[in-house]
Amino acid sequence: MKASTFMLLLAVMLLPISHICVVAEDREQQVKKTYIIHMDKSQMPASFEDDHFQWYDSSLKSVSNSADMLYTYRTIIHGFSTRLTAEEAELLEKQPGILSVLPERKYELHTTRTPEFLGLGKSEALLPASDKVSEVIVGVVDTGVWPELKSYDDTGLAAVPTSWKGSCEVGTNFSSSSCNRKLIGARYFSKGYEAALGPIDEKTESKSPRDDDGHGTHTSSTAAGSAVRGASLFSYASGTARGMAPQARVATYKACWLGGCFGSDITAAMEKAVEDGVNVLSLSIGGSQSEYYRDTVAIGAFSAAAQGILVSCSAGNGGPDSGSLSNVAPWITTVGAGTLDRDFPAFVSLGNQKKYRGISLYRGTSLSSGLLPLVYARNASTSSNGALCSPESLIPAKVAGKIVVCDRGGTPRVQKSLVVKKAGGLGMILANTDSYGEELVADAYLLATAAVGQKAGDAIKSYIASGSNPTATIALGETELDVQPSPVVASFSSRGPNLITPEILKPDLIAPGVNILAGWTGAVGPTGLAEDKRRVTFNIISGTSMSCPHVSGLAALVMAAHPEWSPAAIKSALMTTSYTTYKTGETIKDIATGNPATPFDYGAGHVDPVAALDPGLVYDAAVEDYLSFLCALNYTTTQIKLTTHKDFTCDSSKKYSLRDLNYPSFAVPLETASGKGGGSRASTTVKYTRTLTNVGTPATYKVSVSSQTPSVKITVDPESLSFSQAYEKKTYTVTFVTSSSPSGTTSFGRLEWSDGKHTVGSPIAFSWV
């Protein structure tokens, strides 16, 4: 066959394939996605006579006749959200007055005894008066609320604050009477969710502020739930459950649904919260890290902070991996998770007389006192990952009547117990792998279960492998208090460093986030599984989603005591009074490693709310400070406007530095010995400037510094600061001189100012890059 004939045949054969590729590419171009459009209001044509809605509509119709606006925004940004094809989005971005066309991001939820653990029960005389706390409104962006719970009882509360401008939106299974003087507002935002996934199935979730998931009810009642006596989960953790600020008001903004949280809905929710007049805004959600001008939460939080609203966000559940944080903007209070001094023990007894301690919230039919056959799921499965007890992976004939050992990971912990139960198993031992170490998280399993740490799990699996007839039983204990050491940093709590801005140390602090009892929805059982028909009014769950509302509620207390303080001052008070050691003097431990934790794990430390009410000094910051911070990041005028909703141009004659943001902690990235240019460097010198504001009585503060490494010399100038009146400001400079260290090395230190009564502490994190 001639070459020319062959090539002709080949071209004919490939023609259908190339046609398929073109069609597929064309279909991809025609698929509509949600975009958030940021408009530059200063460029609005005069012909619209200050009617920006008409301008938005005209801009949209210039690229698409069929597209409608999902939301319009005017407070935290100027603009709108809509559904466009990629081609339409590209055309719209070229239109005059368009700052950016950002694809919508999907965010995920970061999913008692706490007041006593935090010292609030013994210090009521030091707390602000209830009438002051009742003037503070905590807004929660989450999955909604179950309003019938006693956590939202308004007995004893006065009239709704006159500053409140919100409303109680009516929807499926939610009427205006669902709100009261406690739950003063409730809204829902579903347009972005429905645009992405289709109309809400009202048989499975309520198109209203009602919470069908439980997460939002848990977080809002943690932050500001009313005191409820006799609260418990199946008699576990029994006592009086109350939020951190039980007299504060609650406003809920449902922007998270069973299919997730969508950026256009979150933006609309944050905007309404600001307009409604909340004082604290709590978001236990997060997404992947991105520059601030592309981050929906960071953008909304800036506008909120500029209006005096403290924004508290969860750090994420990506730990113990380093650099796993979300919500790292310096105007956000970023909260990691620690444990309480409370435990829910369960015990595994083996046929070889060995006994291991675990944890469980199972309350149902107990196993017989005798020993039962024991099997490792890997040996009773059809799956290559059989040890994980994934759905329908177990062989009933090998499981029936036995206790099954399942490895943690891959699928939800509680779902594994359902898999074992369906296969005929009588009990489950959930064994941690090296990814989870010794961290134990309690769950309300669907059959008798004990979750054990990695060491115990490995020993149990070794016992199974060594014997021909392994046996075991599981016994459940009662709630234990005063468990030590506590707190420890939760393994799942996301860690630093801050990959977006290494000069800002995150998380800011940690708070209780493991095995937290709080209110729950009546729509699903405590596991959230459809098969779980149990219904409870309180549930115990874990995550930085739980630690975040603790800080939100505590911020409300500080705000009530000091209503004149800025959000930055309140955050500073919470951070500089946090503790990093136990009463023994030992550093708080990281449960993931068993070693002392670091500021990359706990930030400034574990929150101490009573101390935060009287911090002595604060590191304050205003909008202008954050604008200078963005200039130091070399943001363009457009990027600054996208982030801040403000027209601002950096001064070309001014030298901006990230080291000068008045932050309550220090993150010090240092070059290695070779330097960026490859040449040898004997030492590196960097300087950080900070300003302290006196919020106490006249006093003289003296500085002390410590460092784990002798390769860094720290000096402070001046070494003492004298304050003669309230709100007086004093500035100091910290100089770090470092010798060489290998790239990737980290070390830590601490700087403290003290007048003998107050200690104003700041962590220092060094990292060589």
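We count from 1, first residue shown onward.
Placed from the backbone N, Cα and C atoms, the Cβ positions cover glycine too.
Unlike curated entries, TrEMBL annotations are predicted automatically.
Quick look at what TrEMBL annotates:
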| type | residues | note |
| --- | --- | --- |
| SIGNAL | 1-24 | signal peptide |
| DOMAIN | 135-605 | domain 'Peptidase S8/S53' |
| ACT_SITE | ASP142 | active site, charge relay system |
| ACT_SITE | HIS215 | active site, charge relay system |
| ACT_SITE | SER545 | active site, charge relay system |
| DOMAIN | 660-765 | domain 'Subtilisin-like protease fibronectin type-III' |
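Confidence for the domain 'Subtilisin-like protease fibronectin type-III' (660-765), expressed as mean pLDDT, is 90. On a Cα basis, HIS215 (active site, charge relay system) lies 7 Å away from ASP142 (active site, charge relay system). For the domain 'Subtilisin-like protease fibronectin type-III' (660-765), residue counts in helix, strand and coil come to 1 helix, 61 strand, 44 coil, using DSSP. Here the Cβ of ASP142 (active site, charge relay system) has 28 other Cβ atoms within 10 Å, regardless of which shown protein chain they belong to.
For the active-site residues HIS215, SER545, the largest tally of other C-beta atoms within 10 A is found at SER545. Cα spacing between HIS215 (active site, charge relay system) and SER545 (active site, charge relay system): 8 Å, rounded to the nearest whole number.
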